[in-house]
There are 2 protein chains.
Amino acid sequence: MIQDSIDQMKKQVRNWLKEHDERTFRETFLDWHANDQMQVIRELEKQERRLLYEWLTPAEFSDIFQEMDYEDQFFTVKEMNENYAAEMLNEVSADDAAAFFDKIPMEERKESLLKMMDPAEAAKVREILSYPRETAGAIMTKEYLEIFADQTVRDVMTFLRKTGQDVETIYYLYVVNGEGSLVGVVSLRDVIVNNENADIRDIMSTRVVSAEDDLDQEEVARMIKTYDLLAVPVVNKQKDLVGIVTVDDVMDVLEDEMTEDIGEISASKGSTDTNLTAVQAAKKRAPWIVLLMFLGLITANVIGQYEETLEAVVLLSVFIPLIMDSAGNTGTQSLAVVVRSLATGSFERKGISQMLKRELGTGVLMGLICAVVLIITVSIIYDSPMLAGIVAVSIFLTLSVAAFIGAVLPLIINKLHIDPAVASGPFITTLNDIIGLFIYFTIATSFIQHL
Amino acid sequence: MIQDSIDQMKKQVRNWLKEHDERTFRETFLDWHANDQMQVIRELEKQERRLLYEWLTPAEFSDIFQEMDYEDQFFTVKEMNENYAAEMLNEVSADDAAAFFDKIPMEERKESLLKMMDPAEAAKVREILSYPRETAGAIMTKEYLEIFADQTVRDVMTFLRKTGQDVETIYYLYVVNGEGSLVGVVSLRDVIVNNENADIRDIMSTRVVSAEDDLDQEEVARMIKTYDLLAVPVVNKQKDLVGIVTVDDVMDVLEDEMTEDIGEISASKGSTDTNLTAVQAAKKRAPWIVLLMFLGLITANVIGQYEETLEAVVLLSVFIPLIMDSAGNTGTQSLAVVVRSLATGSFERKGISQMLKRELGTGVLMGLICAVVLIITVSIIYDSPMLAGIVAVSIFLTLSVAAFIGAVLPLIINKLHIDPAVASGPFITTLNDIIGLFIYFTIATSFIQHL
């Protein structure tokens, strides 16, 4: 539905451009949501966009620019003349401008643009760029409202009327003292429902949830989520207010972190970006596959130890995949449970030992179920109750262990303060494969004379 | 850091309770954030909480209640007398109350509570409960502000001062006509920066982004994210405004959907909840494991077809895990790329064919790399260039196919409008196992006389 209307909008814009109807264009286009404007502009021809840079002021274009992904941003800035680009970047909020500059590959281009920008704006961008990536400081913006405790509600409302249009959010007002330290926060709601003569001091909350500038962005996101905030203030070591992180930026952080988690669980970290070429993707993904392949050679070695057993009963090898798949899948389930619990913080309340007991219990139960199913089906298909018994007992032991390993490994890694997703699915799967095959062949070797 | 202060707060509360110091308790405790209050209350003894139900009004407790997860909510409501509980639920916002009632297992208890509540509040809850789960209607709240186009900014400010404290958000004001249809939206920012005499008609935006009441919650979340909104209005088929969904609820939706996606990718759907017992978890997870085990029996059958080949060269079986692991891991990587692209919408712009070409290319490249590595290592370890060649060629073909399958399967399933994560990792892995082993044994059988 939305896609339909974007197509219609594009047709309209194309028409205005063809007829050089700047007036109707401005009347209608500027009424659209910036994200829609962006989607239309992205699909125009270069020549058509050239005209738009004349029809739209740098300030108007800055709203569109902020909706673009980096690729399109870079593309349009290259199309603009540098003056227009610099003026536009002045109007972009500091966090978005910093995110853009952070990705520019050419240092000279970056410097020349920053030098053409308004010095105050450029300084904000440089400040944000100076923080380590993925910290509160690196994702914060500088467009926030500072007020003082001795102002009245009326003072603040007057101030808001003047400056409200230029900041990222006017819904929280941060109260600072003479030294610039954060001492309180007032929501716009509180300002509005209180008497005009009330002092900010009396209506502000002094228990401010704030993030230190070097706090990891994921922690910032969790903070906003826990306290249902629209923004969180960022302070430096001296408790000076240096910026804010807003909820919409945090939603992007959460999405990025999810992509990262899935990438790690599937051993494809950093390569889920669809803009990569096959060569780039292979470069990022091949090391994992090769590493895991070497683990596969270890598994090969485990089987190699039992070559005599296999030579005696070749039929044993047909159950290798079944043992491996079941071990791997059970371990992955436990991994998923633990990774999600760690991410949502829900497991802190339960305690590690209870979680591990639960997973072990689940593994034992699933092992029992699978063993019963296998003893029946394998007896029937392969007409060998002894073989069925070996496979069933192996599956029972393997699943019991696999569920436990899948749960305990990420927890250990979490204790060592490494992201649990690094103990990714494939590694746990391979470890469980090795254990499962070891159990299977040990049992099979013991009972080989009965087969 | 936050945990520390929660512990301190708990000590303080315990002290006040011991000394029956209601006044100091109320002075300090009510100043804390509701989420902190919740975390303290959750860890008190039942007897201690009893006293708190006397010290806190139902309205005050309702803020704490809204921060609790369902388990604690159910627990506290059971502890309260029914009158207190009903009065408290009156004050809880309708979406949170509905979410609570939706999970109450006993129908009678639910009905008796609803009957004791204020009829108007109960009606709101019943309305929300009447929508199918995971739709806009089911997660919306009823506490929003309606204004009219012929009101002035001054009218609205007066209205806000009166009602601002009771609604979920005052930052968007929804403009309706005489019939209750949504005709526009004004942000509080717009209200504040405009002249007091301005008509709402002249400052409102008529291009309102809205969600139909039966829209999937994930779509609602994407809408809020795309347009950087703090809330989205929900309308019924007649375009009447019936509720709003706020950004903080949407963050919970995103987290739930993420849990769901990971659950499906790892075949543990619905079982990542840490509150489940081992038996409950096994019940949910065992069907997947058993189903996948049957697929494992198919793999066994594939190998069974080549029993003669295996009998002739038992050494071939040691590479079964290596082929399987590599096929599975490569397919899972492609799956992760596609699932993430579908979830973030980033792939719509690239087109399917380009994505598939990319994945195929990546698979071929990774296959080449792995083949080269294997030809060297297997030649050295097993001293058989022929065996090394068979394994290397098999890996090359297998990875090329596996990457493609991992990408194309979720896309096909997406075309059929089934959630792509249903084509979960384990299924793609098993399919790739079968294909990989088939390739390996076909090649091995052809060259068996040279081994």
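Here the Cβ of each residue, glycine as well, is placed from N, Cα and C on the backbone.
Just so you know, TrEMBL annotations never went through curation; they're auto-generated.
Source: prediction; values computed, not measured.
Features as listed in TrEMBL:
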DOMAIN    B:140-203  domain 'CBS'
DOMAIN    B:204-260  domain 'CBS'
TRANSMEM  B:288-306  transmembrane segment
TRANSMEM  B:312-339  transmembrane segment
TRANSMEM  B:360-382  transmembrane segment
TRANSMEM  B:388-413  transmembrane segment
TRANSMEM  B:425-448  transmembrane segment
*Grab the same-chain neighbours of the transmembrane segment (B:360-382) for me: Cβ-Cβ under 8 Å, and only residues 6 or more beyond its ends, written as numbers and ranges.*
315, 326, 330, 334, 388-389, 391-393, 395-404, 407
_Stretch among B:312-339, B:388-413, B:425-448 sharing the most Cβ pairs under 8 Å with the transmembrane segment (B:288-306)_ = B:425-448
*Taking a Cβ cut-off under 8 Å, which residues six or more beyond the ends of the transmembrane segment (B:425-448) line up next to it in the same chain?*
265-267, 288, 292, 295-296, 298-299, 302-303, 305-306, 309, 312-313, 316, 319-320, 323-324, 326-328, 330-332, 335, 386, 389-391, 393-394, 397-398, 401-402, 405-406, 409-410
*Other than its close neighbours in sequence, what residues sit by the transmembrane segment (B:388-413), given a CB gap under 8 Å and a spacing of at least six beyond its ends?*
319, 322-323, 326-328, 330-335, 337-339, 342, 352, 355-356, 359-360, 362-364, 366-368, 370-372, 374-379, 382, 419-423, 427-428, 431-432, 435-436, 439-440, 443-444, 447, 451
*Taking every residue in the domain 'CBS' (B:204-260), what is their average pLDDT?*
89
